[in-house]
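For reference, the structure is listed below as structure tokens.
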């Protein structure tokens with residue numbers, strides 16, 4: 001019986017995929033197809049929630065099949081991330097876009113990311129205090145116990161790593177290993193490796209212009225192929241969003257969400273407030289925040305459904321260049337740094353809120369100015385090297401809680417609402433990286449104002 005029901009659910013999913021394909025054949029815009037996929041996915045997931053239990057075998061098996069589309073799409077995006085970073089950053093050097101301002105660009109982007117992470121921590125602290133979020137009364141079930149065991153194992157490895165060691169991990173000892181994304185800091189390491197190649201190219205160009213020109217032509221060909229691959233993968237976005245949203249909604253435990261409703265509500269209020277702060281920073285830079293919102297919404301939608309900052313990188317870079325008018329070099333640096341440094345959601349709001357929740361259980365008044373200022377500083381500094389894939393928020397929370405000498409068990413006790421909150425956190429992470437790129441590009445005079453101010457209908461569509 002279960003097999004039949006699973007088959008029906010999968011058949012419905014395939015029909016919905018067919019609807020999106022029909023819309024594509026009718027040349028419905030990319031943005032409209034993404035929004036349609038988001039809405040249909042939520043409705044389909046809610047229907048499955050209503051008919052079955054979230055923990056039922058039918059839902060679990062159906063979600064496994066849905067994962068062929070949703071998770072498969074995310075994996076394709078992750079496949080292209082490292083080649084895209086490597087080729088794009090080297091290409092920026094060969095086109096002389098980063099020669100003069102490399103240090104200024106890197107410093108400004110990282111500075112904005114760290115600053116906004118500190119602000120995000122303050123917002124998380126305010127939300128926790130405003131909603132009186134507390135760890136008191138949280139119950140530990142089987143799922144929480146299993147998660148706690150994993151958390152403690154991970155904490156043991158983190159505890160042994162000193163701050164100098166963490167900084168050394170950013171350097172690429174084996175760039176080919178980092179191209180596989182094997183380490184949490186692989187993205188930053190690839191950026192550094194690509195920058196070294198770019199700097200070496202500039203030196204070779206002065207002494208051996210013929211060899212440099214040959215390298216540039218080869219790189220241009222590789223760059224064209226990689227960007228074509230990106231375009232092909234991004235065309236699948238509506239299908240990926242549909243499957244990811246349906247899977248997430250269908251598998252969410254409503255009862256568990258209601259039990260931690262105050263924490264979920266406080267988290268999303270903090271996320272929304274921080275997103276508004278992004279818009280304010282853009283406005284203060286002399287740009288129209290409404291234009292930004294309209295142009296990046298499809299990217300944020302995908303980040304929300306996929307829960308992967310790294311997976312959203314190709315969309316992120318494409319939107320910065322084609323929609324916002326950000327120069328290629330800055331777009332690549334901002335997206336790359338934003339995956340591992342200064343994530344406003346995962347490394348800013350989330351660790352700060354957990355620290356505020358657990359502090360009273362060990363006799364600390366979380367509203368003491370000294371505690372708050374220390375927490376903000378620790379969160380900002382600890383935001384280096386947080387992986388842009390699932391689990392990055394846990395990694396950041398463990399670092400912050402251990403540095404503040406607070407119990408780490410709280411990380412396991414909120415597992416039931418982790419997927420729901422992680423969706424909003426990831427969208428904020430991606431918005432933070434694009435905001436950093438946009439503001440940096442504006443301040444350095446690298447922004448194409450005409451592209452930024454154009455209506456969406458006049459600019460080239462993502463994945464067109």
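Note that Cβ sites are derived from N, Cα and C of the backbone, with glycine treated the same way.
Sequence annotations record features per position, and here Swiss-Prot assigns transmembrane segment to 3-23 (among others) based on sequence analysis.
Per Swiss-Prot, transmembrane segment is recorded for 34-54 (among others). Sequence-distant neighbours of the transmembrane segment (34-54) (same chain, 6+ residues past either end, Cβ-Cβ under 8 Å): 5, 9, 12-13, 16, 19-20, 23, 28, 62, 237-239, 241-254, 298, 301-302, 305.
Under the heading transmembrane segment, Swiss-Prot lists 73-93 (among others).
The transmembrane segment annotation in Swiss-Prot covers 107-127 (among others), and the record cites sequence analysis as its basis.
The annotation transmembrane segment is assigned in Swiss-Prot to 184-204 (among others). Through the fold, the transmembrane segment (184-204) approaches residues 81-82, 85-86, 89-90, 92-94, 98-99, 102, 169-172, 175, 177-178, 211-212, 215-216, 310, 333, 336-337, 339-341, 385-388, 392, 395 of its own chain, all at least 6 residues removed from its boundaries and within a Cβ separation under 8 Å.
Residues or ranges marked as transmembrane segment by Swiss-Prot on the basis of sequence analysis: 225-245 (among others).
Look at Swiss-Prot and you will find 263-283 (among others) tagged as transmembrane segment, backed by sequence analysis. Within the same chain, residues 116, 119-120, 123-124, 126-128, 130-131, 133, 257, 289, 292-293, 344-345, 348-350, 353, 357, 414, 417, 420-421, 424-425, 427-428, 431-432, 435, 438-439 sit at least 6 positions outside the transmembrane segment (263-283) and bring their C-beta atoms closer than 8 Å to a C-beta of that stretch.
Under the heading transmembrane segment, Swiss-Prot lists 347-367 (among others).
Residues or ranges marked as transmembrane segment in Swiss-Prot: 371-391 (among others).
Under the heading transmembrane segment, Swiss-Prot lists 395-415 (among others).
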